[in-house]
Amino acid sequence: MAVSANGGFHPINLDDYEATAKERLTTQAHGYFSSGANDQWTLRENREAFNRIRLRPRVLNDVSKVNLNTSILGHTSTMPVLVAPTGMQKLAHPEGETATARAAREVGVPMTLSTMSTTPLEEVAESSGKGLRFFQLYVFQQRELTVQLIKRAEAAGYSAIVLTVDVPAMGRREADLRNHFTLPPHLTLANFDEETHGATRLCGAREAARDGSGGDFGLADTKSALSAYVNSMYDGSLTWKTIDWLKSITALPVIVKGIMTPEDALLAREHGVSAIWVSNHGGRQLDGVDAPITVLPSIKQALAEKPVMESHFRMPTRMAIWVDGGVRRGSDILKALALGADMVAVGRPVLWGLACGGQQGVVDVLSMIREELTLAMKLAGCNDVKKVSRQLVRLAHEPV
Ligand SMILES: Cc1cc2nc3c(=O)[nH]c(=O)nc-3n(C[C@H](O)[C@H](O)[C@H](O)COP(=O)(O)O)c2cc1C
Ligand SMILES: CCCCCCC(=O)C(=O)O
């Protein structure tokens with residue numbers, strides 16, 4: 001990282017943001033944001049998998065101008081990048097999700113707001129203004145509460161519902177256990193009512209975690225307050241019928257986040273979703289699964305080979321593929337596009353930007369991603385994201 005004479009912060013890559021964010025965050029917050037599940041093999045693999053993919057540059061192709069504009073669900077994004085949902089952003093900065101929303105709007109990319117936001121979804125919508133925003137949904141055992149969240153997201157102008165399907169139970173994040181992670185008293189899960197739901201319940205979990213009593217959640221040393229909350233509140237009985245139900249109660253496009261196999265990608269298409277989001281939740285759920293970028297080619301191939309199944313649901317003409325996990329370089333985005341992604345999401349880098357500089361920090365992170373992507377495109381001989389093709393990359397098992 002470049003350090004000026006007065007010790008100022010001059011990040012030159014996304015890892016520099018992470019290093020500085022670590023210095024600024026509490027141990028608990030940094031542990032929650034950065035960690036993966038169990039031995040964190042998948043967390044590391046998300047990065048390493050990108051390093052195994054080689055680029056195949058073409059030359060003499062006029063790259064004096066590079067076009068990154070991308071169409072997403074009938075809207076426009078200024079690059080094929082979106083902000084992934086991450087919970088509890090006020091742990092990173094007092095302005096939390098509103099700062100992220102303003103930054104995403106400024107840069108012209110979509111933001112996905114987490115159900116587990118520390119700012120009410122309506123307030124985030126107001127900050128986002130005309131910015132494109134999606135609402136990430138967790139389905140609660142209290143179905144009525146889930147329906148209310150969807151109705152509120154529709155009323156507040158969110159343009160899609162992103163249903164996360166890889167949290168039937170909370171992954172085992174050992175940093176949260178070691179740090180006795182709790183939400184600080186001044187923060188709440190702001191999409192919920194103190195009386196009836198979330199904030200109150202997480203407070204219960206917080207006290208139980210602190211005094212080791214187990215409290216209402218029966219916490220032991222092997223459970224964190226977060227896992228106690230998730231395991232007692234989220235609906236672990238979701239099936240593919242849940243997608244049909246969701247589509248029956250909202251006219252918004254439905255995206256399914258957490259797809260990792262061709263089999264599930266095909267099922268998602270049968271159930272009429274608008275996009276699948278290939279993701280292993282940033283290595284935070286099942287440790288030992290492949291990186292999303294590794295499974296992307298087989299998912300793309302299965303969708304291309306198998307015809308769209310007939311069903312009584314309205315089918316999108318083409319189901320889009322979004323991907324996330326370990327994206328830290330512009331060239332990672334180029335690799336993902338070449339392997340079949342329509343959009344690429346970033347999670348932790350946005351949190352690091354938020355911790356380093358609030359709204360401006362997130363703008364800087366997204367702008368750095370844009371600059372790196374533009375340069376990678378030029379050096380690879382590609383002047384338009386729409387023209388990125390499979391020929392641009394070589395996988396380890398393919399001949400040179
Ligand atoms: C701190 C943190 C909180 C997250 N919260 C959510 C969430 O509330 N909902 C969700 O669907 N995914 C959540 N995720 C997963 C991200 O949406 C995304 O899949 C992941 O972070 C991508 O990997 P990356 O961080 O390497 O970019 C969270 C990830 C992190 C790091
Ligand atoms: C208060 C519960 C936090 C739920 C999980 C948010 C998430 O998806 C993640 O941390 O990962």
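Even glycines carry a Cβ here, placed using N, Cα and C.
TrEMBL: automatically predicted annotations, no manual curation.
Site annotation (TrEMBL): glyoxylate is bound by TYR138, ARG173, HIS281, ARG284, and the candidate from TYR17, TYR32 recorded at this site is TYR32. Neighbours of GLN136 (FMN binding site), defined as other CB atoms within 10 A of its CB across all chains, total 24. With a cut-off of 6 Å between Cβ and the nearest atom of ligand 1, the binding-site residues GLN136, TYR138, ARG328 reduce to GLN136. When the Cα atoms are compared, HIS281 (glyoxylate binding site) and GLN136 (FMN binding site) turn out to be 13 Å apart. Only GLY87, ARG284, of the binding-site residues GLY87, ARG173, ARG284, ARG328, place a Cβ under 6 Å from an atom of ligand 2.
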